[in-house]
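According to TrEMBL, the feature divalent metal cation 1 binding site maps to His18, Glu104, Asp217. Sequence annotations record features per position, and here TrEMBL assigns divalent metal cation 2 binding site to His142, His167. For 250-260, the entry in TrEMBL reads compositional bias 'Low complexity'. Feature annotation from TrEMBL assigns region 'Disordered' to 240-261.
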Amino acid sequence: MAQAPARAASALRLLDAHCRLQDPRVLAVAPSLIRAATAAGVVHFAVNGTSEKDWHLVKQMAEEHPSVVPCFGLHPWWVPERSHDWMDSLRRFFAETPEAAVGEIGLDKGSHGKTIDFGEQVEVFQRQLELAKELNKPVSVHCVRAFGDLLEILKQIGPFPAGVLLHSYLGSAEMVSSLANLGCYFSLSGFLTGMKSNKAKQMLKAIPLDRILLETDAPDALPKLDDISLLAVPVDSSNADNEEFKKDSNSQSSTTSNESLNHPSNIHIVMKYVASLLEISEIELAEVTYKNATRLFSYHGSKVHTEVEAVWLGGHPI
């Protein structure tokens, strides 16, 4: 009986709705991270490109790992470095990779975002939103201190039948309804643990259950909670064996220089925290967020599309 909870947890299926495993801090160990998270029930990973410099890495990762859903986009931080033909290049990646979604794109008025011309951010963001609509693909959006601007732009260009994923959502409860009406999903990461719990709970309660997603934003957004057991990112790729990796990850001391990096397997911590604030079971949250994510990522050509048809045939898992 003592092992029943562990078996129940391992039976849960999850989809990491937003991560960046092509990030140079974890690229070398990405296969280990994917294997460990897969063993923990993560069925798919939406890996988001951020600039022309990493789109090819995301494409390659998706070719090597069936569980990786590639996403291509120009992040607001990299707007100043874009080439004159960046949009043509982006279109080529989508033509060559029909299973890809759009992301990570967005708006940023945070400490770093303030250093980047906001008019340019808006122009690049709008062009990519229009591309997502044209291709009928979901789009993963980064938004920092610019939710008013975001809402107005989405109203101008939307609605978005294929869906908009607001990644690491930390906006207000009051904005949820307007954003949901435009086709938005609200993806929650470890950054949520940095919010005051009462404010986070109010925001979560405003989100319709069929619009909630879970993500890690790995290698960032490491959850900040007391008395939790985080899975560590290995320092190098020598610990490729999954059993050895899991054993090493049980100790915080194994993180060494990578102690601040997040791991896709830590999505279980996000799930547990969100479920506690919503006052529902982890199993219920896992089931609803997995169903929401597979619905969002079941666009034409997606790797998730066939699985949705197979897994949910007849309205229940097979």
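Think of each number as a place in line: the chain as shown, counted from 1.
The backbone N, Cα and C atoms fix where each Cβ goes, glycine too.
Small disclaimer: the values here were computed from a predicted structure and weren't measured.
Sequence features, as recorded in TrEMBL, placed on the structure.
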| residue | record | Cβ within 10 Å |
| --- | --- | --- |
| His18 | divalent metal cation 1 binding site | 28 |
| Glu104 | divalent metal cation 1 binding site | 28 |
| His142 | divalent metal cation 2 binding site | 26 |
| His167 | divalent metal cation 2 binding site | 27 |
| Asp217 | divalent metal cation 1 binding site | 26 |
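What surrounds the divalent metal cation 1 site, by Cβ distance within 8 Å of the Cβ centroid and not counting His18, Glu104, Asp217, is the set Ala17, Cys19, Arg20, Ala46, Asn48, Gly103, Ser140, His142, His167, Ser168, Ser187, Ser189, Glu215 from the same chain. The CA atom of His142 (divalent metal cation 2 binding site) is located 11 Å away from the CA atom of Asp217 (divalent metal cation 1 binding site). The CA atom of Asp217 (divalent metal cation 1 binding site) is located 8 Å away from the CA atom of His167 (divalent metal cation 2 binding site).
Put simply, His167 (divalent metal cation 2 binding site) is 7 Å from His18 (divalent metal cation 1 binding site) when counted between their Cα atoms.
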